[in-house]
Amino acid sequence: MPIFWRVVYWTSQFLTWILLPFMQSYARSGGFSITGKIKTALIENAIYYGTYLLIFGAFLIYVAVNPHFNLQWNQLQTIGIAAANTWGLFLLVLLLGYGLVEIPRSHWNGAKRGYLLMKTYFKAAKLMTEKADAEENLEDVMEEVRKVNESIKYNHPLRKCIDTILKKCPTEYQERMGRNMDDYEDFDEKQNSYPSEKSLVKLHKQVIYSVQRHRRTQVQWQILLEQAFYLEDVAKNETSATRQFVHTFQSQEPENRIVQYFYTPTVEWYWECLLRPWFCRILAIVLAAFSIIVVWSECTFFSTRPVLSLFAVFIQLAERTYNYIYIEMACFLTIFFLSICVYSTVFRIRVFNYYYLASHHQTDAYSLLFSGMLFCRLTPPLCLNFLGLTHMDSSISHQNTQVTAYTSIMGSMRVLSFIADGFYIYYPMLVVILCIATYFSLGTRCLNLLGFQQFMGDSEMTSDLIDEGKELIRREKRKRQRQEEGENRRREWKERYGNREDSTRNRNVHTDQKESSFSEPSTNRPLSKYTRSNGKTERDRIELLQDAEPLDFNADTITDDPLESDSGRYQPGGRYLSMSRSRIFDDV
């Protein structure tokens, strides 16, 4: 166990202080080569850790000059570990105080369908603003890329950098800009001013960030729409007399046959409308009880006579009966709940839309590495806090008990008595203040006063955003309903007239072959004269398809006769793709 903990501890420290920050700078760099990215990462980390080395060097000089301190290497190592754990414990208490209240409250609010629907409308209004901002930012960045792409010719030394930037752009912008190799003009450094490689590195970084942000907002908007449609379906089905769950829109993904067999509309109605709210309430009550036990134990774990920490009481009762399985289960449940409260808060952190974890694989590399650094940084103090709650750490409980394997790696914390006897014991009591602040949403109210829109039921701004989000959801719902109606009309038309037209086409082809076999050999009449006999039917079919699903087009790009336009040609003035006889029936 000591060897195992030594490997785990020093590996996590190496990741959180050296490797992950370097990878973070490397992923955020806009360099065009591996060497350039490594150079940028080394410079950024040298500036960042220079301040830490300066403080640590001043501390070492103070210890070496002061005659009262006679520190050896082991004691110096213990001081370094204590400093890292002190910083981790500071973060641990902040995240733990938020998670202990927010996790039970989120499950309790999960039983309130109206509350969830209003919050979804609020998120829709905020996300639409972020989505529009991301689209505008992407357009500005793509305009800069277009100007640089036109200025730098094909034989310029920096052309390969432009090609790298173009590969990161969306497909539609790549098709617009192309590679600019149609003129073959040589560049002239004396007449034209070209951007430097440093400016291209900055532009490359902006392209990566803007494309990632645009893609993330698009995916999150679709996920939020599905969630809003689901909550509206639940609200409608709660008053259903048939007790069968009816969806407004069918799921686009194919469902598993086994799940579809057991999870019938009746079972879905009982689960979504009756059982799930009660399940959420019961789970919230259980989690709230665990939170109260953790808060009580954090405030009283320093008391050894009598033992007030409930986790320590449970462990000591199992020690008396030598019930090792009970000890394992108690320790597992305790540290599992603490980990959920701490790590779930990391997933909720959002710093100015620059760092936050997004679902469905839409998180950028910088945010993933940042969360990995927090996980590695929080693991050692979380283990140390758990040992203190259960009175297994002799440096905290001050009992002559056998030293655990993890405590042997930490070393004797009594080298720094003001940390071992003061900070480690009394600082976790602040979790009570943080829990009270989270319960009354003081942080949310402060952010709302500073101008950051937060969901608050008694705020006028929140009501306005809810109304705006409701209108946005209603508009998207009508749009999807029109699309489904067009698909249904197209499907009905195919079922009604598809077989009849196939038989007509086969009969016309048979007649053409029969007439051509009886014609004179000297008369060479084109076959198109006979195959164009059902042109009216094709024209009617095009008109029917256009009526079934309206297209987004520019009036300047459409001709009077759809059959005379070229297929698949890109129209710069709009997104309308003209149709031809050879491609009109592909989707049918």
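Including glycine, each Cβ sits where the backbone N, Cα and C put it.
Database features (TrEMBL):
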- 6-26: transmembrane segment (TRANSMEM)
- 46-65: transmembrane segment (TRANSMEM)
- 77-101: transmembrane segment (TRANSMEM)
- 124-151: coiled coil (COILED)
- 278-296: transmembrane segment (TRANSMEM)
- 325-346: transmembrane segment (TRANSMEM)
- 423-442: transmembrane segment (TRANSMEM)
- 476-588: region 'Disordered' (REGION)
- 482-517: compositional bias 'Basic and acidic residues' (COMPBIAS)
- 518-534: compositional bias 'Polar residues' (COMPBIAS)
- 535-544: compositional bias 'Basic and acidic residues' (COMPBIAS)
(message) Is it true that the transmembrane segment (325-346) and the transmembrane segment (77-101) have 3 or more CB pairs under 8 Å, sequence gap of 6 or more?
(response) yes
(request) State the non-local partners of the transmembrane segment (77-101) in its own chain: residues 6+ outside its ends, Cβ under 8 Å from one of its Cβ atoms. (result) 13, 71, 291, 294-295, 338, 340-342, 344-346, 348, 374, 377-378, 380-382, 384-385, 410-413, 415-416, 419-420, 423-424, 427-428, 430-431, 433-435, 437-439
(request) Please work out the mean pLDDT for the residues of the coiled coil (124-151). (result) 90
